[in-house]
Structure formats: structure tokens, C-alpha cells
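Here is what Swiss-Prot records for this protein:
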BINDING   219, 248, 277, 313, 333, 334, 335, 374, 375, 376, 377, 413, 440  substrate binding site
BINDING   417, 481  Zn(2+) binding site
BINDING   561, 564, 569  [4Fe-4S] cluster binding site
COMPBIAS  92-106  compositional bias 'Basic and acidic residues'
REGION    92-117  region 'Disordered'
């Protein structure tokens, strides 16, 4: 496949993240099952153990794996799926010209369709249900559940021993240790999902639920005016390198089908889509021409390819559309506006709502999870928490129960633009209306005044709602509201949201969350610069900023940085105070009990300070820099 790769000119970033190595933890329950993790190596002189962190990068950071984009990734889950005996191969539907869009410029940039398309996808045998929820409700612990349990337990043993548990969990049930049985129970209750289409065996199982680590999603995809297949594959690999737990392909231009195939065959994380986008392309971009038959065909097409979760805006009902008329910014969801336009044009109830049970039948045949879309989410803080938003939310709760009746996994999408004082209400109402199904929110953005910085305005809201219980945060890039993000924007968005998710885990009291913070803080206090870089969310940027002012190699062992310099470094001063105190107390077995002796000691040290010229550092020189 090397010749094909060179012709395709699809380049992706591979190799270990700096200062880290890929490790694999073996399962005791399922022979041969190993879970990939990242281990950050610390300076040997520190005497500190390596720090293990959650790894979403898949084989791309494993130096032992040869990456061949034209061949796709290894099919990790194929044997697990086949061993259950409830699936069958069948002839896939024929790819039609309209599957790749009928309007707009070609976005292939010379990249042909994926060369190794599976002609015979899998589906459930007649009368079978292959969803992880179905297995969980029958008491079955699948390899996927075992994988999740091992993956989620990062550092928990050490954290428990060190008694690092602090925070406010707002009623969550975060265990000290995640067992496969706990994972099974959470999935059975509907409080967590494991997005895992049987036609995406390349994916590494992960869980989305408020009793697990907070996850993040990165959006990619072409548009009618920008990007191409190669760029979107590169952005997918780039986003998971920096920590995206799932990726949504939101392509709206030409070559939608081919772009998605390339992404799926090379993605180790779950892939989500909004099928109405492709359905709209199939009818030439005219919302009024959409039909249930076109949409149904699109669902099957994408399920056969391996899409793990569908955003479906079934809560945008005809009676709710007038509620948005009084808004400042109306309906801002693309999917929501498409369905609103269809409903008004035909003056009929949404065909997504009317055919919801049939959609669910398709979902359970492939184990596609619902991501019930918030088509009436607020697009400005003026519209936050209004009647339209919450009317849709309660309908999503109704639909959740209907999906659960067929053992189909569900998560709920949320806003949007919400000021900080209104965020908690969103979480409270979602838990109440949707039976604790995982909440998946875009931000929310807490103010509308910062175009170009909306990764920050939304990161603030994301950290807050993640603390309250949101299970997955959809990233926002600096280009939000302005344009299609490039790979640099993708990285900024992912790192910002990894920060928000981690802050939420800390605030909730996640048992393993603080280990990395403590390791970095200790490295900072001990001036282990390389360890500080490597323990950070973005080692490259951390070192780049350090080297802009102190580029010399020796500066990476210096006990100061350019912010304060050697004389005013608070941590250096603290170390000297600590060392001095240790020397003074060497050999003393008990504290001084006599108050007079203590006072005399204090005066002696004060006199000594006067004799030395009142300098914090002996031999530090004069006061020319005051």
C-alpha cells in the first residue's frame, strides 16, 4: 500500500508524544485483550515513578506499528464481535453518485475512494440485538466493557493509597475502582454508553457517562467552500493525538461518503455524524425535498460504513417551532433549522419524530448510539433556558425512554450559549428529564462578545457543566462563528477542552485526576523543566514559550525562569527557606516548648539578618535592581 499512500498524499502525524511511551495493560478476564495507555517518563534523578495517562491516539503513537492509511487500522474488535454469534454478513447497498453530493465543487483533491472498502458489512441476525446495552441488561460483560474498565482505572490504586479524593460530585456515583461489573451496570441503566458500531472494529472501546472520566469530542469535516479528504483525515489523526475521545465528521460539501470511509477505516476512536446533512445533499440542498425514505437510506449507508453515533434532531417538533420566533437568534442548529423548514413547508410533524421507532430498529441492528440533537439550543445568551429549549429537552427525555425499550444506547445533546448563572439549571433539568442518560454539550459559551476567542468563552462553561455532570464536552475552536478550523485551530480546541474536562474531573473528586497535577507541581518546585513540559497537556507549546526567552540548553536545568529571574523566584526562595529550616532542626527530636526560648531564637535570627545587610540571598549584591 506504500505506493498508493504516496500517490494519495495523505500525510498524518505519527510517533510517540514527547517524553512518553506507549504501554499495554493485559486483561485477566479475556486472554489476548490488551489496553493501550500512555506513560510519561520523568527524570531518573527525581526518583519519581512514571505517570500513566489516558491515551486516545491509537496506533499512531506506537513506534512498533507501521501506519498505512490506504490499508486502514487493525480490526481490534472483529473477533469479539464474531465470537458472539449474533451477526451476519450481507451484501452492502450500492454506493450511488448522490451519496457523495450532487452540488458544489469536488472536494476529493485527487484522493480516490478508499481502496479496501468492505463489500459485506455486518448486521444483527434476524431477531437479534447487538447493542452493548442489550448485552449489559442480560448480565453479559463484553470485552468492550472489560476494556473500558481497565482504561478508566488510571492511577486509581496509587490514588487510593495516597487518599487523594476531594471534590463535590453533585450526586454522581464515582467509584474508587472501576470494575467490569460497574461498567456493565452503568450501561444497563442507561447512565453510560460505549459507542461501538459492529462495522467499526478498528475502534478502541470507551465509555461516555458522568461516573467516568469526562470526555471530549472534536468536530471535523469539509464544507461547500473549504477543505478536502486528505485534510480531514489529517485533522482526525491530529485531534486524537492531543486527546479527542470521539470525532464527529460534519462534512456538508461534496465527497461526503468517501471522506467518511477514509476517516472510519483509520480512526481508533468512535466517529459520529449528523445524517441529515448528507440526506440534504442527496436532494440537492433543498430541505423541503427531504423524505423519510432518503433519510432512512442514509442511516443504513452510514451504519454499514461503521458510524458509531448519529445526531438525530427528533425533538424539533412542529408545535415547538413558533416558540423560537421570539428569540434574538432564532434556530441556530443546522440540523434543527433543516427540520424546522421541512415541518413548516409541509405543515406536518417531523418525519424523524414520527418514524423514531423504526430508526431505533436500525440502530440496534448495528449498535449505533443515539446522540439526540438539541436542534432548538440557544444561539445567544439572550435566548438561554427559554421555553423552546426546554420543550425540546423534555421531548428528548420521552424519546430516550422509547429507545431504551429496545435496548439502544442514548446520549443527549445540550447547549449552546448559556451564562454561568444559568448553567446548573441545564444539568438539573437534563438529569430529571432524561433519566440520567449521558449529557453531551457544546460548551456552553458563557458570553457572546469574544469572536476569535470562543474556545475560551466556551471552555469556561464546559468546565462548569462538566463539574455538574456532563459526560462529554464538544470542543469549540477559535474559528467558531468565523470559519472552518484548520489543524492548528483543531489542536487549540482539543487542548482547551482537555483542560476543561480535567478541571471538571478534579472538581468532581475523581480518584485519579490529581495525580498528574501533583506530579507537575512537584516538577515545577524542583525545577525539572523537561518533566514540566512533558507532563503538560501540550509539551511542545510549553517548551516553545520557555525557550522564547531562555533558549539555551542550560536554562532547562536552571532554578528560575524568565518571569522572575534568579533573585525573585518564589519557589527558589521557598526551597532555600525549607533547606535552612531543615538544617536548623537537624537532630532535634521535639519542638521547643518554652515560649521564652522560642522568642530568643527568633531575635537571634533577626539580628543575624541585620548583620547580613538584610539580603534574602547571601552575596546577592546591592540594591541596584530594586
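Placement of Cβ uses the backbone N, Cα and C atoms for every residue, glycine included.
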Mapped DSSP class for residue 277 (substrate binding site), helix or strand or coil: helix
Residues of the compositional bias 'Basic and acidic residues' (92-106) by DSSP state, where helix covers H, G and I: 4 helix, 0 strand, 11 coil
Mapped DSSP class for residue 375 (substrate binding site), helix or strand or coil: coil
Distance, residue 481 (Zn(2+) binding site) to residue 335 (substrate binding site) (CA atoms, angstrom): 16
Rounded to the nearest Å - Cα separation of residue 481 (Zn(2+) binding site) and residue 333 (substrate binding site): 12
Long-range neighbours of the compositional bias 'Basic and acidic residues' (92-106), counting only residues six or more past its ends (CB under 8 A): 113, 118-121, 224, 253-258, 278, 281-282, 284-285, 297, 300-301, 304
Three-state secondary structure, which DSSP defines for residue 417 (Zn(2+) binding site): strand
Neighbour count (Cβ, 10 Å) for residue 333 (substrate binding site): 23
Residue 417 (Zn(2+) binding site) as reference: those binding-site residues from 219, 375, 377, 440 with C-alpha within 10 Å of it: 377
Largest separation between Cα atoms (Å) of residues that the record links to substrate, namely 219, 248, 277, 313, 333, 334, 335, 374, 375, 376, 377, 413, 440: 20
In the chain carrying residue 219 (substrate binding site), residues 6 or more apart in sequence that have Cβ under 8 angstroms from it: 247, 248, 250, 474, 475
Most Cβ neighbours inside 10 Å, all chains, among the binding-site residues 277, 440: 440
Lowest local Cβ density (other Cβ within 10 Å) among binding-site residues: 335, 375: 335
Binding-site residues compared (377, 417, 481) - the one with the fewest other Cβ atoms within 10 Å: 481
